[in-house]
Amino acid sequence: MKYDNLLDRFIKYVKVNTRSDPDSETTPSTESQEVFALTILKPEMEAIGLQDVHYNPVNGYLIGTLPANNPTLTRKIGFIAHMDTADFNAENVNPQIIDNYQGGDITLGSSNYKLDPEAFPNLNNYIGQTLITTDGTTLLGADDKSGIAEIMTAIEFLTSQPQIEHCDIKVAFGPDEEIGVGADKFEVADFEVDFAYTMDGGPLGELQYETFSAAALEVTFLGRNVHPGTAKDQMINALQLAIDFHEKLPAKERPEYTDGYQGFYHLTGLTGTVEEARASYIIRDFEEASFEARKVKVENIAQSMNAHLGTKRVLVELNDQYYNMKKVIEKDMTAIELAKEVMEELAIKPVIEPIRGGTDGSKISFMGIPTPNIFAGGENMHGRFEFVSLQTMERAVDVIIGLVCKA
């Protein structure tokens, strides 16, 4: 094992349930994230040599600093990872360790689930490696506790090898990335760096500086309920209005039909009765013009339906969530060029593709700190089929060390 504590550290982290809560109005959205920060991460950060380690109860960020040990390395670089996990069972995470994976099915604990190369051909990329999987009852939490473990391990390596020269390093572990609000209260003044990286990507080599632009759409449908036996020309079924609205959106512009730079409309929730219904969507696109056009389209559909109904029964609420960080980062590609150079020196092929999602870096970039995303190793994230390669995590640690030594 290249880094002695990496695996144990990761296993310790994922066993803590830090699932975020989209319905919470607190920061962090769940108390468990704060407990994780204060009782596990903070003491460990101090023990491995980070200085000025402090937790901000207003925004839920835990921050530490490792000062440069060579004054000629003048850049200041930050590394960021999120503490929360996605909206899937995270209680009693019981990881499996598969040494020297030789292909074939991996049975997930005593559950009826398995990782099957036919269903998940990405498994074939990991022959001979050590894989960490779930037991089939929870997610794993590699998104993004692999990132936290990698950052911690890199810092521990640097402080244990003081002869290795490095620049100023800032570390931040934040809450609620999975529910899209993690960076809302991020304080740039408390994280003075030239640029940063989120360690929140997937397979080996990922280096990303393009994200979706994102909006949340809530549509309320107001019906009129009368007895179905006498409903002719009187009833207005709110659920049917919701169906009609959905059918007016382009059927092929859904997540299951799109990839690459294609955007989409995604229905994430539908509840209601004849009297009132509510549909929740997310809207995603890369180009600003296309993103704005999607929002205009849903407004126009609502207006058209209301005109046909003769009254306002379709109510639209749109809220932008984050924007494509390419707009910021492409103005100064230093962070990308440095990461490419380090990866290539480590014989890692940079895989530069758009993120069909978002990271905390999306918002932080628009706050003035260019923050692209680097691989952390997770595969099949957000569910029971999630796994991560220990060797990919080790390579992520290599990249972090390479970045701060080359700055």
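Placed from the backbone N, Cα and C atoms, the Cβ positions cover glycine too.
If you check Swiss-Prot, you get these features:
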- H82, D143, D200: Zn(2+) 1 binding site (BINDING)
- D84: active site (ACT_SITE)
- D143, E178, H382: Zn(2+) 2 binding site (BINDING)
- E177: active site, proton acceptor (ACT_SITE)
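Overlay of Swiss-Prot feature records on the structure.
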residue	record	Cβ contacts under 8 Å, 6 or more apart
H82	Zn(2+) 1 binding site	D144, G147, F173, G174, P175, D176, E177, E178, G182, T198, D200, D360
D84	active site	T18, R19, S20, P28, S29, T30, Q33, P175, D176, E177, E178, I179, G182
D143	Zn(2+) 1 binding site	T85, A86, E178, D200, A376, G378, M381, H382, E386
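DSSP assigns E178 (Zn(2+) 2 binding site) to coil in the three-state reduction, placing it in neither a helix nor a strand. In the three-state DSSP reading, the residue listed as 'active site' counts as coil. Taken residue by residue with DSSP, D200 (Zn(2+) 1 binding site) is part of a strand. Of the chain residues outside the Zn(2+) 2 site list D143, E178, H382, T85, A86, D87, F88, L139, D144, M381 have their Cβ within 8 Å of the site's Cβ mean position. Note on E178 (Zn(2+) 2 binding site): other Cβ atoms within 10 Å of its Cβ, all shown chains, come to 24.
Taking all protein chains in view, 26 other C-beta atoms sit within 10 angstroms of the C-beta of the residue listed as 'active site, proton acceptor'. Other than H82, D143, D200, the residues of this chain whose Cβ falls within 8 Å of the Cβ centroid of the Zn(2+) 1 site are, in sequence order, A81, D144, G147, E177, E178, T198, M199, T359, A376, G378. A sphere of 10 angstroms centred on the C-beta of D200 (Zn(2+) 1 binding site) encloses 28 other C-beta atoms. Other Cβ atoms within 10 Å of the Cβ of H382 (Zn(2+) 2 binding site) number 16 in total over all chains.
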